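Asks: Please find one structure pasted underneath; my questions will follow.
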Amino acid sequence: MASFAVVTLLVVVSLWLYAVKRRPGELDAARARRIQNRWIIGGGLILPISSMALLLVFGIPIGYRMLPLPVAGQQVLQIEVTGHQWWWQVRYPEADIELRNELHIPAGQPVDLQLTSNDVIHAFWVPRLGGKLDMLPGRTNVLRLQADQPGTYHGQCAEFCGTGHAHMKFTVHAHAPDDFAAWLEGADRDE
Amino acid sequence: MSDQQQNRARLHREYDRVWGNWPGWGALAAVNHTSVGLRFIVTGLVFFLIGGVLSMLMRTQLALPEQDIIGPELYNQLFTMHGTLMMFLFAIPVLEGVAMYLIPKMIGARDLPFPRVGAMGYYCYLFGGLIILSSMALSIAPDSGWFMYTPLSSSTYSPGPGSDFWLLGITFVEISSVSGAIELLVAIMRTRSNGMSLTRMPIFCWYIMVMALMIIVGFPPLILASILLELERAAGFVFFEVAGGGDPLLWQHLFWLFGHPEVYISFLPAAGIVSTLLPVFAQRPIVGYRWLVLAVITMGFISFGLWVHHMFTVGIPQLAQAFFSLASMLVAIPTAIQIFAWLATLWTGRVVWSLPMLWILGFLIIFVAGGLTGVMLALVPFNWQVHDTHFVVAHMHYVLVGGMLFPLIAGLYYWLPHVSGRMPSELLGRWAFWLVFVGFNMTFLLMHVTGLLGMPRRIYTYQAGLGWDWLNLLSSIGGFVMAMGVGMLIVDLLLHFRFGRLAPRNPWNADTLEWAVDMPVTTYNFISLPDIGSRHPLWDDRQLPERLESGQGGLVEIQADRRVTWGSDAVTGQVREVVHVPSNSWLPLQTGVLLAVVCLGLLTKFYWVALGASLLALLVILRWSWHNGGHPLAAPLRDDDPQDPPLHSRTCDGPGRWGMLSTLLANGSLFACLLFGWFYFWTVSPQWQVPAQAPLSATPLLLAGLLLSAAALLYHRLTVRLCRGQAQGLAGGLWLCTALGLGHSLVILWLMLDAQLTPRSLAHDAVLAVMLGYLLFHGVLATLLTLLQALRVRLGYVGVRLPYEPMVLRPLWSYTLGVFWIALAGFFLMPMAW
C-alpha cells in the first residue's frame with residue numbers, strides 16, 4: 001500500500017514537472033480536447049476507482065478477521081477492561097481476578113476484551129497487537145485481540161483524556177497456554 | 001488637460017467622495033468589501049503567527065524524551081489552542097477574507113450586497129478571537145483538544161472556564177463565518193455584471209459558491225452542539241451525560257458533521273486559487289471547466305457523507321463502517337479530476353515560471369501525499385491501527401498545510417501587486433519557499449514513521465528508547481526551519497510595501513476582471529461596469545480596463561450619493577435591477593461590541609449583563625434594519641428614480657430575499673441537527689429515559705399551530721397582493737398578523753411554563769425545552785419584524801412602490817410555520833406512536 005502510494009506520488013509530480021517544461025507547439029482545438037479528455041478520464045476517473053477497488057479487495061477481509069465473531073468449537077476468554085482517569089482496571093469475571101494496569105492473556109488464542117469507561121473517553125491500544133477501540137462511559141465495546149507469540153507488549157491510552165493521558169499505560173503479558181492456566185490458578189489463590 | 005482626462009479625474013473624485021472610508025477613527029465604520037476583506041486577511045495572518053508560536057513551543061517540549069520544560073497542563077492548552085487558532089481563527093476567516101476581497105472584483109461589482117453584514121462579521125471574528133486568546137494569557141485556556149470531546153470537556157472533568165471560552169468564543173466567530181458565507185453566496189448569485197451567465201463565471205466563483213453553501217449547511221451543527229454543551233455546563237441541562245439519558249457520542253456526531261466538511265471548506269477556496277493561477281501562468285484557458293465545476297460540487301456533497309470516518313474506533317456497526325469507508329475513498333475521484341485537469345492545463349499551455357508557481361508546485365507534492373495517506377486512513381483496519389497517533393497528525397498537516405497554506409501563499413504573492421501596486425521579490429520569496437517546504441517535510445514526513453512506531457498524539461512527553469527519539473528531534477528541527485521560512489515570508493511582505501518594484505497594470509497578463517481595476521486598489525473597484533461576453537474578458541479585450549475607467553461601461557453617473565452596483569439574474573446574468581448598498585456605518589461595530597459584552601457576561605456568569613447587552617444588541621440590529629429601503633438614510637422615493645432597471649428596493653425580488661433564504665438554509669440545518677439529536681437519543685442512546693406522562697398537552701399545541709398558520713397564510717396573501725400592486729388593507733393586515741403571531745408566541749410560552757420539564761435530570765426534557773425555546777424565538781422574531789413592517793407602512797417606507805421588505809420577510813413566516821409542524825410531528829406524534 002505504502003509503495004503504491006509513493007509510486008503514484010512520484011508519477012503525478014514528474015508528470016506535472018514535465019508538463020511545466022514541455023513546449024506544446026501549436027495545438028488545434030480538437031487535439032487539445034483529446035489531450036484533455038485523456039488526462040481527466042484516465043487520471044481523474046480510472047486511476048482512483050481502480051486503486052480503491054484494489055484497496056477494498058485487500059482491506060475488507062482483514063477487517064472481517066478483526067470482528068469478535070464466535071470461533072467454532074472454542075470458548076473465547078472474556079476479560080473486562082475499564083478505563084479510569086488515569087489507570088486501567090482489568091477484571092477476569094470467571095476467575096474473579098482484578099488487576100491494575102496489567103493484562104494477562106494466553107498466546108495463540110483470541111480473547112475478547114469488554115471495554116468501557118468509568119469517567120471520560122479513553123481508548124484501548126496495544127500497538128504491536130493491532131487494533132484500537134474507544135472506551136466510552138455507558139457503553140461496552142468488544143475488542144478481539146490475539147497475541148501470536150508469548151511475550152510482553154506495551155499498551156497505552158490513545159484517546160486524549162486529560163492531564164495524565166501521556167502516562168496512562170499498561171502492560172500485556174502473553175503466556176503460553178499452559179503457563180496461562182497456571183497463572184490463572186496462582187492468581188486465583190493469591191486473592 | 002484633455003476633456004477626456006478631466007472627465008476621468010472628475011469621476012474619480014466623485015467616486016472617492018461617495019465610496020471612500022471616513023478618515024481617522026472613522027475607518028472603523030468602513031463597510032466596503034475591500035477594506036473588510038483586507039482586515040480579515042491581516043487579522044487571520046496574525047492569528048496564524050500566534051498559532052505557529054504555540055506549535056514551536058510544543059516541538060521544543062517534544063524534541064527530546066522525558067523533558068519537562070512544559071508540563072501536561074500547559075501542553076494540553078497549547079495543542080488545543082494551536083488547533084483552534086489554525087482552524088477557526090486562521091484558515092476559514094482568511095479564505096473568506098480573500099473571497100470577500102476578490103469576488104466582487106471578479107464578477108464586475110462594486111461591493112458585496114450586504115456590506116454592513118461583512119463589517120459586523122469582521123468585528124465578531126476579531127472580538128471572538130481576542131476573547132479566546134485572552135484565556136491563553138490568563139492561563140485558563142481550553143485544554144480538552146480542539147474537538148472538545150465530552151465528557152472530558154464537561155463541567156465535571158473540566159471545571160475551569162477554559163471550555164466556556166472555547167464554546168462561546170468559537171460560536172461568536174462562527175456567526176462571522178456564516179454571515180460571510182451568506183453574503184458571498186448572494187453576491188455570486190445575484191450581483192454579477194451584465195451578461196456573466198453561470199458558465200461565464202471565473203472558476204474561482206464556483207469554488208467560493210460551493211464553499212459558501214458548505215459553510216451555511218456545515219457550521220450550524222457545531223453552533224448547535226456548542227449551545228447544547230454550554231447549556232449543559234452552565235445550566236446543568238443533560239445532553240451528553242449518560243446518567244440522564246444523554247450520550248457523549250452525540251457530541252462527536254455533531255462535531256464531525258461540521259468538522260469534516262470544514263476540511264473541504266478550507267481546501268476548496270485554496271483549490272480555487274490554484275485553478276485561477278494555473279491558467280494564467282500557462283497562458284491558456286483552464287482545461288475541463290465543466291469537469292472542474294462538477295468535481296467541486298460533488299466534493300461538496302460527498303464531504304457531508306463521511307463524518308463518521310473520524311469515529312471508526314468508537315465501536316460502530318460494521319455495515320456503517322463499510323459505507324463510510326467507501327464514501328471516504330470516493331472523495332479521491334473529484335480530487336483526482338482536479339489534479340489531472342490542472343496537469344492537462346499545464347500540458348497544453350506554455351508555462352511562464354514565477355514565484356506563485358513555485359508555491360503551487362509545493363502544494364501539489366504535499367497535498368497529493370496527504371491525499372494518498374488519506375485514502376489509506378479510509379481503510380478501516382489500517383485506521384484502527386494509526387487512529388489518534390502521530391500518523392494522523394502528519395496526515396492532516398499534509399492535507400491542511402499542503403491543501404490550504406501553500407495555495408494561499410501562492411495567491412498572496414499573485415494578488416500582492418493588486419493591493420500594493422508593487423511586484424513581489426523573487427529572491428526572498430524563493431528562500432521563504434524552500435525553507436518552508438524543506439522544514440515542513442522534515443517535520444511531518446518523519447511524523448508518519450513516529451506514528452507507525454506507535455506514538456500517540458497529544459502526549460506531552462515520552463520515554464526514551466522506544467525508537468521515537470531521533471525522529472522527534474528531527475521533526476522539531478524541521479519545525480524550526482519551517483518557522484524561519486515563515487519569518488522570511490513576513491520580512492518579505494513588510495519590505496515589499498516599501499521597496500517593491502512598481503507593477504504595471506495586469507502584471508501577470510491574467511484573464512479575470514479583478515485586474516481591470518485601479519492599482520493600488522480603490523474602494524469602489526469600477527468607475528463603470530462591464531458587459532461580459534466570455535469567460536476571459538481581459539484576454540478578449542485588452543482595452544477593457546481603459547474603457548471602464550473612462551466611463552464607457554454601465555452605471556456611471558452617481559445619483560443622490562447612493563452606492564450602487566448591478567443586480568442580475570442568477571442564471572443568465574442579465575441585469576435586472578440596480579442594487580443600492582449602504583455606506584459607512586457604526587452599526588456593525590456597535591453590534592459587534594454588544595455581542596462581545598454578551599459573550600463576556602456569559603463567561604463571567606454575570607447573566608444580567610449578558611441579558612442587558614443582548615437586548616441592546618437587539619435594539620441596534622432593529623435600528624439597522626430600520627435604515628433600509630425607503631428610509632431617508634437609505635433610498636427614499638424620488639421622482640428621478642431609475643426605471644429601467646429599477647432600484648432593487650422597488651422590486652419584489654432583490655438580494656435581501658436571497659439573503660433571507662440563505663440564512664434560513666443555515667437555520668434549517670441547525671433545526672435538522674436538533675431533530676437528528678432527538679431521534680438519535682430515541683434510537684441509540686444507551687440509557688434513554690422517557691417520562692411516564694407526556695409533558696405537552698395537545699390542545700394548546702393545536703391552538704398555537706392554528707394561530708401561527710393563520711398568521712403565516714394572511715402574511716402570504718398580503719405580500720402576493722402587494723406585489724400585484726394592491727395595497728388596500730396592507731397596514732390593517734400586518735397589524736392582524738402581528739396580533740396572531742403574538743397570540744401564538746404567548747401560547748408557546750405558556751406551554752413551556754406549564755409543562756414542568758426537568759431538563760437538569762432528563763435528556764428528554766432538555767431537548768424538548770430547547771425545541772420549545774427555538775419555536776418561541778421564531779414566533780417572537782417573526783411577530784416583532786412584522787410589527788416593524790406595519791409601522792413602516794404608516795411612515796411610507798413600505799407601500800405599492802416599495803413592496804420589497806415584506807417580501808424579504810415572507811420566507812421567515814413560511815419557515816416558522818414549517819418548523820412548527822415538523823416539530824409537532826417529531827416531538828409530539830412520534831413519541832405517541834413509538
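Each residue, glycine too, has its Cβ placed from N, Cα and C.
Automatic prediction, not curation, is the source of TrEMBL annotations.
From a predicted model like this one, the values you see are computed outputs, not experimental measurements.
OK, TrEMBL features for this one:
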type: DOMAIN; residues: B:13-533; note: domain 'Cytochrome oxidase subunit I profile'
type: DOMAIN; residues: B:575-833; note: domain 'Heme-copper oxidase subunit III family profile'
type: TRANSMEM; residues: B:36-58; note: transmembrane segment
type: TRANSMEM; residues: B:78-102; note: transmembrane segment
type: TRANSMEM; residues: B:122-141; note: transmembrane segment
type: TRANSMEM; residues: B:201-229; note: transmembrane segment
type: TRANSMEM; residues: B:396-416; note: transmembrane segment
type: TRANSMEM; residues: B:428-450; note: transmembrane segment
type: TRANSMEM; residues: B:470-495; note: transmembrane segment
type: TRANSMEM; residues: B:609-626; note: transmembrane segment
type: TRANSMEM; residues: B:701-718; note: transmembrane segment
type: TRANSMEM; residues: B:730-751; note: transmembrane segment
type: TRANSMEM; residues: B:771-791; note: transmembrane segment
type: TRANSMEM; residues: B:812-833; note: transmembrane segment
Asks: Before we move on, state whether the transmembrane segment (B:36-58) and the transmembrane segment (B:122-141) share at least 3 Cβ pairs under 8 Å, counting only pairs 6 or more apart in sequence.
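Replies: Yes, the transmembrane segment (B:36-58) and the transmembrane segment (B:122-141) are in contact.
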Asks: So are the transmembrane segment (B:396-416) and the transmembrane segment (B:122-141) touching or not, going by 3+ C-beta pairs under 8 A with a sequence gap of 6 or more?
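Replies: Per Cβ check, the transmembrane segment (B:396-416) does not touch the transmembrane segment (B:122-141).
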Asks: Within this structure, do the transmembrane segment (B:428-450) and the transmembrane segment (B:470-495) have 3 or more Cβ pairs under 8 angstroms, counting pairs 6 or more apart in sequence?
Replies: yes
Asks: Residue list, the transmembrane segment (B:771-791) vs rest of chain: Cβ under 8 Å, 6 or more residues beyond ends.
Replies: 622, 625-626, 671, 674, 678, 708, 711, 715, 731, 734-735, 737-738, 741-742, 744-745, 748-749, 751-752, 755, 798, 805-806, 809, 812-813, 815-816, 819-820, 823, 827
Asks: Tell me, roughly as an integer, the mean pLDDT over the domain 'Cytochrome oxidase subunit I profile' (B:13-533).
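Replies: So the average pLDDT across the domain 'Cytochrome oxidase subunit I profile' (B:13-533) works out to 93.
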